[in-house]
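Trainee: Sharing the feature lines straight out of TrEMBL:
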- 22-43: transmembrane segment (TRANSMEM)
- 22-438: domain 'Major facilitator superfamily (MFS) profile' (DOMAIN)
- 63-83: transmembrane segment (TRANSMEM)
- 95-113: transmembrane segment (TRANSMEM)
- 119-138: transmembrane segment (TRANSMEM)
- 159-182: transmembrane segment (TRANSMEM)
- 194-213: transmembrane segment (TRANSMEM)
- 254-281: transmembrane segment (TRANSMEM)
- 293-313: transmembrane segment (TRANSMEM)
- 320-339: transmembrane segment (TRANSMEM)
- 345-364: transmembrane segment (TRANSMEM)
- 385-406: transmembrane segment (TRANSMEM)
- 412-433: transmembrane segment (TRANSMEM)
Amino acid sequence: MDAIPAVQPAARSHKKPNLFRVAVATVIGTAVEAFDFLAYGTAAALVFNKIFFPQFDPVTGTLAAFGAFASGMLARPIGGILFGHFGDRVGRKSMLTLSLLLMGLCTVLIGLLPTYEQIGISAAVLLVVLRIGQGLSFGGEMGGAMLMAVEHAPPKWKAFFGSLPLVGAPLGILLSVGSFALVTRLPEADFLSWGWRLPFLASAVLIVVGLFIRHGIDESPEFEQVKRERAQARQPLANKVPLRELLRAHGKSLLLCIGCKIAEVTLIYTFLVFSVSYAVSKLGFSRADALHALLYGAGVLMFTIPLFGVLADRIGARRVCGWGGMLLGLMAIPIFMAVGSGSLMAYSLAVFVAMALNYAIMIAPQSSLYSAQFPPELRYSGLSIGVQFSAAIGGGLAPLISATLVQKFDSILPVGVYLAFLGIVAGTSAFLMKPTAQDLRRG
């Protein structure tokens, strides 16, 4: 089977300073977006049930907060479609700038929202609206950043450079969880009154930094090349409808991307959102202990993602991603046995292994692998829609499904069974995808 000859070298643009700027800009940009997007998840687990949904009992209020969390995840595919459409017609760089601006605006406004006690149910409605805005923004950000890194990278290093924007996610986790670990040290009344707002308001500074750095990068060389070729052939990209072309010619590849992505995104959001609530409410751990476990896992994750990216450049992105899914199929149940053991050490070890190993090995090769499934003129749409639909299905529903399974079976092990099944689905999907050049070279 031949790989799509889409991810081609753009030798003229491989200047080290430009490549370095692109790497830094994509890492910082995704870190800022991840911080903003994930701050909601942490707040939903710790405080939103009390200040936006106090009319419900604690369990129902938590489910309502997770439901609002899911609204942002469900908006991500729409963001992927919108930003992908214009990213394939107008360019990658402008869409990445717009996504960062939208995320910053919505996040700061969440930090300024009045509570249920002040304006009633309108507070919850506004929270959901702003969460949807965050989802639209993040839907366009991640795919575009992955794409910019891969399309600027030398042919032999596409998986490594493609993994760098993904390092922004654990960096965003560190910023988000770390900021909440600090504000949760406030007295309970102060935390519920104004302390929870500080991480959201502080994101304004990060947005300005991200925009400044991102302004200095060049447009994708592969997109510029396709744009020139289309202009010469009198077939401008502006006349194309990427989504229609994508579904017509690459529907199978799109479905495989969704299947490959779903386990990893379900895994990470289960630990980022649900496990914190479970550790505090069911296991009796302090909020600080639950958040510290996430911090340790995210800290190591920043280094294991690029390491697995290097491995993907050596043996093939499809192999690494596929075997990573199968590994989760084997390890998910033991991991959740440790989570439910009641031991803080076992819980922390489970979080560490799930994030630094299982999550890292599945996500690191994705930029390179997914980019190889689509031609340049459809790649922003294909990558964004594939990533964001799986995020909506897997990540958006992960806290709700996990909480429902625990409530129904009075055990956390069914969550492990659920993730083991998704791991096998992801591994199978990866092995059915078109190989990258590295996969073909290794035979």
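Glycine residues also receive a Cβ, built from the backbone N, Cα and C atoms like all the rest.
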Trainee: If contact means at least 3 Cβ pairs within less than 8 Å, sequence distance 6 or more, would you call the transmembrane segment (63-83) and the transmembrane segment (293-313) in contact?
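Mentor: By the criterion, they do not touch.
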Trainee: Ranking 345-364, 385-406, 412-433 by the number of C-beta pairs under 8 Å to the transmembrane segment (254-281), which range is first?
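Mentor: The stretch with the most contacts is 385-406.
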Trainee: Where else in the chain does the transmembrane segment (194-213) make close Cβ contacts, counting only residues six or more beyond its ends and a cut-off under 8 Å?
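Mentor: For the transmembrane segment (194-213), the list is 21, 24-25, 28-29, 31-33, 35-36, 39, 43, 46-47, 51, 97, 100-101, 103-104, 107-108, 110-112, 175-176, 179-180, 183-184, 186.
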Trainee: Determine whether the transmembrane segment (119-138) and the transmembrane segment (95-113) share at least three Cβ pairs under 8 Å, counting only pairs 6 or more apart in sequence.
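Mentor: Counting Cβ pairs under 8 Å (6 or more apart in sequence), the transmembrane segment (119-138) reaches the transmembrane segment (95-113), since there are 3 or more.
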Trainee: Grab the pLDDT values for the domain 'Major facilitator superfamily (MFS) profile' (22-438) and give me their mean, rounded.
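Mentor: Value for the domain 'Major facilitator superfamily (MFS) profile' (22-438), mean pLDDT as a whole number: 87.
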Trainee: Of the listed stretches 95-113, 159-182, 293-313, which one has the most C-beta pairs under 8 A with the transmembrane segment (22-43)?
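Mentor: Of the candidates 95-113, 159-182, 293-313, 159-182 scores highest.
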